[in-house]
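Listed in TrEMBL:
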REGION    A:330-349  region 'Disordered'
TRANSMEM  A:12-31  transmembrane segment
TRANSMEM  A:43-72  transmembrane segment
TRANSMEM  A:92-113  transmembrane segment
TRANSMEM  A:120-137  transmembrane segment
TRANSMEM  A:173-191  transmembrane segment
TRANSMEM  A:212-239  transmembrane segment
TRANSMEM  A:259-285  transmembrane segment
TRANSMEM  A:297-320  transmembrane segment
């Protein structure tokens with residue numbers, strides 16, 4: 001991946017962050033009575049952005065195309081739903097570590113199996129393990145089956161007797177999600193620039209060479225898989241707080257496909273791209289859903305068009321605008337811009 | 001479990017497994033030769049079933065419906081390959097996943113627009129609409145036996161084509177080294193179109209002959225797709241033999257799983273896959 005971006009990337013992202021962060025100030029003036037509804041939508045976009053960003057660590061940075069990332073998203077949601085007491089709010093002080101621990105253990109177990117596979121096998125096995133949990137949950141009595149579980153109270157964040165944050169307040173929750181997204185972004189930027197991130201970069205470009213250099217690449221990939229899983233679970237927990245329920249659909253492979261779609265729409269391997277992708281996807285979805293009941297056709301065609309026309313996503317356009325591409329250092333050939341190598345038969349057949 | 005009941009389950013598992021083989025063989029061929037991961041494969045199964053349901057209703061004859069539906073499915077495969085996949089051969093699997101995921105959304109919704117969201121069924125066609133009386137209270141559908149026979153025959157044909165024909169040599173060589181095959185003067189472009197159309201036709205045909213046995217419902221392709229992924233992973237990607245034994249194994253495991261351990265039935269096939277991955281990460285026959 002690219003570690004230094006043109007200055008305009010930082011400028012655009014800061015400007016967008018400022019616009020979003022000040023929404024409570026200008027939202028009512030622009031959207032009037034719709035402001036509360038829009039705030040909820042934006043909160044959801046922030047959560048999905050965190051989810052998409054976590055997948056970027058796997059797909060864009062390491063080159064592991066996971067089609068089962070919703071497993072961890074849903075796991076975060078269900079952990080919150082099932083561990084919450086029925087008649088009182090849970091404390092975020094232990095709920096957050098619990099969600100992270102459950103996701104880490106699950107990612108470790110699943111990761112140890114799927115890391116053994118490569119390329120198309122990895123795609124298929126991540127998909128299959130995601131569906132395994134999906135079918136397990138949607139046929140389980142304790143998890144509410146296909147109906148899912150309702151969460152009566154959002155977790156609270158208190159210190160002693162005083163509430164630090166009132167997460168039931170939509171504005172507070174909005175800033176809470178924004179804060180976690182920014183924290184997640186900074187963490188991933190730091191991680192990808194660290195020594196660990198450079199090894200991941202090397203694995204992305206040529207895993208055999210990294211092995212020849214003496215790196216135990218499987219271990220690095222596993223750690224990346226666990227980190228991505230934990231981040232996705234945090235996003236899933238936030239989503240469950242936002243919706244007020246955990247539902248099997250959050251685990252299903254359509255969710256995995258959608259988040260992959262956000263990633264490609266925004267531009268993978270850039271960390272900031274998936275944030276734009278999550279917003280773009282949700283806005284498109286909103287528009288399509290209002291245009292026709294047959295919106296999946298429009299969304300499907302959009303995905304196909306994005307793959308054919310815009311393989312590097314919105315971030316690719318920002319980093320290297322087509323109208324000034326010559327001036328940019330970001331000039332990989334079409335094939336090299338994709339994670340891993342183009343499909344070669346000798347490797348997998 | 002008495003012996004007759006056991007026997008019926010055995011036949012059910014075999015029949016389901018053979019049907020899975022038809023779908024999985026298309027999937028594994030398309031990947032093995034073309035290097036394309038086709039998520040829309042399950043949607044083709046669904047379209048096959050709906051086509052036959054629709055045509056049976058219009059024409060009043062199941063067999064005629066199948067006869068007409070097969071060329072339609074082949075044509076659909078041809079269009080998709082030429083229109084969309086053509087640009088994807090040199091690109092990463094990620095883009096294939098996304099594009100074919102987009103195709104699923106389009107095809108699933110097209111199905112809703114054309115045929116609606118209701119669940120349908122097709123009556124078991126004559127002359128197979130009878131049952132064999134096994135014991136006093138156990139019967140077995142003749143149509144299921146017929147499906148088994150057709151699947152086995154097709155498996156035989158696929159085996160023969162791949163083992164004993166010139167086309168088969170090219171296919172096997174293509175699975176090992178595509179560039180070399182192209183270098184030897186084979187028109188890989190045409191080969192790909194052929195393989196994709198045949199693969200799509202196989203899965204659509206599976207949907208057609210399964211139509212009288214299952215309920216035809218929206219999204220029926222999604223679950224079968226994932227089951228077939230498991231089959232292909234267990235058998236080894238690109239291996240027809242692997243797809244066959246993988247399909248039989250999964251067919252048996254699903255049938256006996258739902259009889260013996262109903263609470264875990266939905267997980268059984270994934271647990272088998274996990275076990276295979278632990279022992280042979282590239283599949284049993286790769």
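Glycine is treated like the rest: Cβ placed from N, Cα and C.
Same-chain residues lying 6+ beyond the ends of the transmembrane segment (A:259-285) with a Cβ under 8 Å from its Cβ atoms: 1-2, 5, 9, 13, 16, 41, 44-45, 48-49, 51-53, 55-56, 59-61, 65, 67, 69-70, 73, 181, 185, 188-189, 192, 295, 299, 302-303, 306-307, 310-319, 339. Where the transmembrane segment (A:12-31) meets the stretches A:43-72, A:92-113, A:120-137, A:173-191, the count of C-beta pairs under 8 angstroms peaks at A:173-191. Taking every listed stretch (A:43-72, A:120-137, A:173-191, A:212-239) in turn, the largest tally of C-beta pairs under 8 A with the transmembrane segment (A:92-113) is reached by A:212-239.
Per-stretch counts of Cβ pairs under 8 Å to the transmembrane segment (A:212-239) identify A:43-72 as the leading one among A:43-72, A:120-137, A:173-191. Long-range contacts of the transmembrane segment (A:43-72) within the same chain, counting only residues at least 6 positions beyond its ends with a Cβ under 8 Å from a Cβ of the stretch, are 1, 20, 103, 106-107, 110, 114, 122-131, 133-134, 170, 173-174, 177-178, 180-181, 184-185, 188, 191-192, 197, 200-201, 203-204, 220-221, 224-225, 227-236, 238-239, 242, 250-253, 255-257, 259-260, 262-263, 266, 268-271, 273-275, 277-279, 281-282, 339-340.
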